[in-house]
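What TrEMBL says about this one:
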| type | residues | note |
| --- | --- | --- |
| COMPBIAS | A:1-11 | compositional bias 'Basic and acidic residues' |
| COMPBIAS | A:51-60 | compositional bias 'Polar residues' |
| COMPBIAS | A:61-72 | compositional bias 'Low complexity' |
| DOMAIN | A:112-234 | domain 'FUZ/MON1/HPS1 first Longin' |
| DOMAIN | A:273-370 | domain 'FUZ/MON1/HPS1 second Longin' |
| DOMAIN | A:401-501 | domain 'FUZ/MON1/HPS1 third Longin' |
| REGION | A:1-92 | region 'Disordered' |
Amino acid sequence: MSDLKEAEHQNTSESSDQGEFLEENAPGESENPMLIASDSYENLNYEILDGTSTAQRQTPNTESNETSTGEESNNEEQTETANDVAKKKQEIVPVEEDHDDVNSEHWRSQSKHIFILSEAGKPIYSRHGSEDKLVTIMGVMQALVSFVGDAKDSLRCMIAGDHKFVFLVRDHLLLVGVSSGMDSTHQILLQLTYVYNQVISVLTQSTLCKIFKQRRNYDLRRMLSGAEKFFDNLINLMDSEPGLLLGAVRCLPLDGSVREIIAQSIVQHAKIKDLVFGLIITNNQLIALVRIKKYYLHPMDLHLIMNLVNASESFKTAESWTPLCLPKFDSSGFLQAHISYLDDSCNTCLLLLTVDRESFFTLSDCKSKIKERLLKYNALRAISDSLQKTAYGIQQCGINDLRHFLYKSKSTAQYTSPELEAPYVTQKEKDRLFGLYKYLHHRIHTSGRPLKILFHVGPYETLLGWVTQGFELYAVFGPLVTKTSAIHAVNKLLRWIKREEDRLFILNSVTF
Amino acid sequence: MKNDRNSVSNGTVVKSNSGMNGHHGYGHPMIQRQPSRQCSTEMYDLSCKVMLIGDSGVGKTCLLVRFKDGTFLSGSFISTVGIDFRNKVVEVDGAKVKLQIWDTAGQERFRSITRAYYRDANALLLLYDVTNKNSFDNIRAWLAEINEYAQEDVVIMLLGNKCDVAGERQLRREDGERLAKEYGVAFMETSAKTGMNVELAFMAVARDLKMKKTRKPNEPQFNVADYVDQEKSTSQCCSS
């Protein structure tokens, strides 16, 4: 984080030299979106808060100021408590036995930990180390939360040194995220929400609640066995895929006509009663989505679908039929998913989601017909070509000194970004770049003082973030760019995206 | 349990012969003289549903892949999510039998879901792992579940898988035999790794279903347990 503590110039109001741009007609905007529009991640957080106690809602921003490294900043009651318990925690950890995971250097040096435990303090999942060995530390977490909870308050975050501890309590589960990286507390909270949603996706919320209502000290690992890979994969995805941070999905670049053929293939051959969504995805990117008229897919749910496909090798070997809960769509029940790959190299995956548990063979039939039609129109070839070409490079935008960007169209909940190129080729540099985006995103969405435009000069690059009604843009320039030229470059970039929008975004929502 | 019921097969709804005479009237393998258009271009005379069940990690998918493709999935552990579906057409005495094989996930959370498909199954292959006592201990629970949800005349075959692993064996062949006898189901030990008895397990099921279909009223009933006992091979390492 230290390299970010450079001089910053911020502009909270739009000044004349960048005001000219098309706010009412943002590139990639659609009147007719297929995904639920996602505004900013703040909304998600308030939703989280709504789900819990009212005490939290009164103080929606307990996040401590980023500039004070380490020491808790504010004078709020709960942060003080957090301070106390943080000290307590530091005392407790060293007394544990030597052979315990917690004391190993390897475990301690991990930059992000995610824990899930039950309300009763039983370990359910830990990203690093075996949760069995972490019983003690999970007990401490549970104690911290219930200690603060006793005072009719709730523990939301603690900051100790360069570690942030974020807590989320939902439906008998306690989720804890610990990060020493660039993530803000809000961002960690969002990640915990994703992890919680993943639990729901596997079990449904009603099952989860029923289990713990019957037995408060149930060992949930029994029900989640085999699902660990979904958590691991999801958390790794959050460390590398900006879509989860932005609440947006990336589409595979394809010609509009090809996309139309693909969507129509689904419409024609899978128009079946009780089929809710038909979609084709590849490599964390969306190719086509067809939905029943009155239902929309939330980008968070789509990320869980992508995670399911990504994390499971078994779909590659046979047609699968699996229950799947989409928490934003309906957290109380399962949809039944027919999952199959359309190509031999297992890149292009078709999912047909239905409420009819008996329709496997019907859908299997649909799949064959869809595949036939896609082959006939060379659409599968177009997909694999696009995959091999690797989206697009930053040069194609033709803008000097622009190194990389993320552009999210809010109304369609989709984003686009070029491939990572030098200097962002090593894992370390990739992580650093993503860290910069997290920082920029955090600064812009700080709930106490949301910004429209942020110009930030760092030692290695200059960042420009710009948020309007229609879009969010995060751009990374070389270090010597001036504010004026950056703004000009960004305007030029927006025009480029506008020209390419048909290829980069799915603008038409196709329904059955 | 004898309610009228539709089973969906190959995209067309086929009424099962619930009103048929004889004790095998309900849940008969369906005769499909018409060649199926999809899934497989092969013609077949009858088709039936086989389900693989048992605890997670006992080797259900490996057994199936060995049978279907003749290969062994070694290396990393790929756990099935939900239910995987594969087809294979086999020949029994000149008749083509299409086996629609449902490979289920063994984890507890999938129980309630896979259970819903039991009643459509003509045969159930119930697996345990001879190197894992726990998976064997759970067999009784599985059988109770089968009893509750599956058709009465479902063919059940108990398979002790991974019998090639000599050193870590926790269950003797006799343990499996005794349990199978108690419940009156067919039993053998298999190895997806070496292929031992794998073909036989599926072929015995196909044969049983074919026999049920074609048996004349005065002919003796085909007994899958006896047939298996007769045909199965027992590797040396298995007898302890």
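Quick reminder: no glycine exception, Cβ is built from N, Cα and C everywhere.
Per-residue pLDDT, averaged over the domain 'FUZ/MON1/HPS1 third Longin' (A:401-501), rounds to 94.
Residues of the domain 'FUZ/MON1/HPS1 first Longin' (A:112-234) grouped by DSSP class, helix first, strand second and coil last, total 60 helix, 30 strand, 33 coil. With DSSP classes pooled into helix, strand and coil, the tally for the domain 'FUZ/MON1/HPS1 third Longin' (A:401-501) is 38 helix, 29 strand, 34 coil. In the domain 'FUZ/MON1/HPS1 second Longin' (A:273-370), helix, strand and coil residues by DSSP number 31 helix, 36 strand, 31 coil.
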